[in-house]
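Engineer: Pasting in a structure now, in structure tokens, and then I'll have a few things to ask.
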Amino acid sequence: MSFNRRSKNITEGVARAPNRSMYYALGYQQDDFSKPMIGVANGHSTITPCNSGLQKLADAAVIGIKEAGGNPQIFGTPTISDGMAMGTEGMKYSLVSREVIADCVETCVGGQWMDGVIVIGGCDKNMPGGMMGMLRANVPALYVYGGTILPGKYKGQDLNIVSVFEAVGQFSAGKMAEEDFCEIERRAIPGSGSCGGMYTANTMSSSFEALGMSLPYSSTMANVEEEIVASVKVAAGVLVEAVKADLKPRDIVTKKAIENAVAVIMATGGSTNAVLHFLAIAHAAEVEWTIDDFERVRRRTPVLCDLKPSGKYLAIDLHHAGGIPAVMKELLKHGLLHGDCMTITGKTVAENLADVPDLRADQDVIRAVTNPIYAEGHLAILKGNLSPEGCVAKITGLKSPVMTGPARVFEDEQSALAAIMANKIVAGDVMVLRYLGPKGGPGMPEMLAPTGALIGQGLGESVGLITDGRFSGGTWGMVVGHVAPEAYAGGNIALVQEGDSITIDAHQLLLQLNVSDDELARRRAAWTAPAPRYTRGVLAKFAFNASSASAGAVLDKFGG
């Protein structure tokens, strides 16, 4: 039996002789045309250390596909370095790249009639972009994460990229010597791999393992370790078997599977970006999933892992403590996962976890459900007159996730950062960064530079920051993002004035502008939308087409 269900459309029959000629030029032989064509979406790039170690994984995938009886076909996907673009206009292209990557995967798989695809990525938007493309194409598919980075070292302390952002605030406040500042800058990132805490890249990779679209244990491996190369060869064989079984992404990515992924995001203390990305992933999978579903899962799922940014450990420590399977096994034992969900291995979640040992007593990275770090998840969905469609608050690491204070209003990140660095922001203030949403930014840039500076100055818990933009996975503190409707669309965040009283209350799930309805009506009557910041090119296209953050900021949600 042949398994070239799709590729035979361009390799079989007299009329396809010209097509086969192109394949012969690539070194194919006649008997290759009966084998499945397997795409390898290679995100290798020397733009960023997150992706600079991916070529060896693509090479391993090629070998594994050939050994399993498939024809590997490599094509490229782009990346943006969030860490390098952060705090600049370049950050506006980050979320755009998610859509570009999704389009690349869907286009190549569809245009070349591929029978299956492996997507290999590293930096933050590589994961959701690749998954969205896989789900749109809906051919047998598997995600390979490029691996986490190992920590840097300085004066006996582990370092990572967020260490540098927070050092900026400490140095500017006179709390750090210049020599220490420069050495942290030089030593924080020792080599290839994605940023090391439970930031966005590691959050998404871990969630894909829980979703069933990556192999067990693969999401927390280090890029520089040999085990990841061996894992990719195994993954290639698993994918070829999935092609034979015609096991497709939409057979795996169901509503219950997304609930599993979100439960693991909550248990590991993952990134706020996961909310936006899983809204987009569910849309690509044609699964009914709303921002309120995150809150439903949050309330029943404890935080079990002591991971940065608000905790102690890095992703590689989680790997050594048992990885995502250990977390999932603990959740499954207490009825917090759906064990009957299918995975890319051809086995259910419960079957994959059957031989995973219970939590080891010699580690404190992962806690038991009966002894959690927090009884409920950390990504709370707030609503109120400032965000009737919902917004996302990250409430781990805070003594009290409640405050009321005067608004300090900024319409770009740079002026907000300048105010922090000039010591113009004081405890009790609520910073409002607006016109930074999907349409207004455009591209919903991340606000790690301001939040990192606040933490470095010791203001992380005493200053609130709300925005219609996003936050890096490395952010923690009194922060609320994804405010929807956004300012550019006329959301009430556009009506906030300097000095207005704002309440952030994660206990009551409330984000409220303490201004009367009559006053808001007067302000709205005087408000007009600003002119678009871009009228040509990819940012203009994104701004014109992007849905609300509460719907994932996707570009193909037509008619609403």
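Heads up, the Cβ atoms here are built off N, Cα and C, so glycines get one too.
Dumping what Swiss-Prot says about this protein:
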{"type": "ACT_SITE", "residues": "S472", "note": "active site, proton acceptor"}
{"type": "BINDING", "residues": "C50, C123, C195", "note": "[2Fe-2S] cluster binding site"}
{"type": "BINDING", "residues": "D82, D124, K125, E446", "note": "Mg(2+) binding site"}
{"type": "MOD_RES", "residues": "K125", "note": "N6-carboxylysine"}
Engineer: Among all chains shown, work out which of the binding-site residues C50, C123 has the most CB atoms within 10 A of its CB.
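Structural biologist: That would be C50, with the most Cβ atoms nearby.
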Engineer: How many Å lie between the Cα of C50 ([2Fe-2S] cluster binding site) and the Cα of K125 (Mg(2+) binding site)?
Structural biologist: 11
Engineer: C-alpha of S472 (active site, proton acceptor) to C-alpha of E446 (Mg(2+) binding site): distance in Å?
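Structural biologist: With distance taken Cα to Cα, E446 (Mg(2+) binding site) is 5 Å from S472 (active site, proton acceptor).
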Engineer: Rounded to the nearest angstrom, how far is the Cα of C195 ([2Fe-2S] cluster binding site) from the Cα of D124 (Mg(2+) binding site)?
Structural biologist: 9
Engineer: Around the Mg(2+) site (D82, D124, K125, E446), what further same-chain residues have their C-beta within 8 angstroms of the site's C-beta centre?
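Structural biologist: Result: I80, A85, M91, S94, L95, C123, T200, N273, S472, G473.
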Engineer: Given the binding-site residues D82, K125, E446, find the one whose Cα is closest in space to the Cα of C195 ([2Fe-2S] cluster binding site).
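Structural biologist: Closest recorded candidate to C195 ([2Fe-2S] cluster binding site) by Cα: D82.
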Engineer: Give me the sequence-ordered set of same-chain residues, not including C50, C123, C195, with a C-beta within 8 angstroms of the centroid of the [2Fe-2S] cluster site's C-beta atoms.
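Structural biologist: Apart from C50, C123, C195, the close residues are T48, P49, N51, S81, D82, G83, G122, D124, I149, G193, S194, A201.
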Engineer: For C123 ([2Fe-2S] cluster binding site), what is the secondary structure by DSSP, using just helix, strand and coil?
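Structural biologist: Once the DSSP labels are grouped into three classes, C123 ([2Fe-2S] cluster binding site) ends up as coil.
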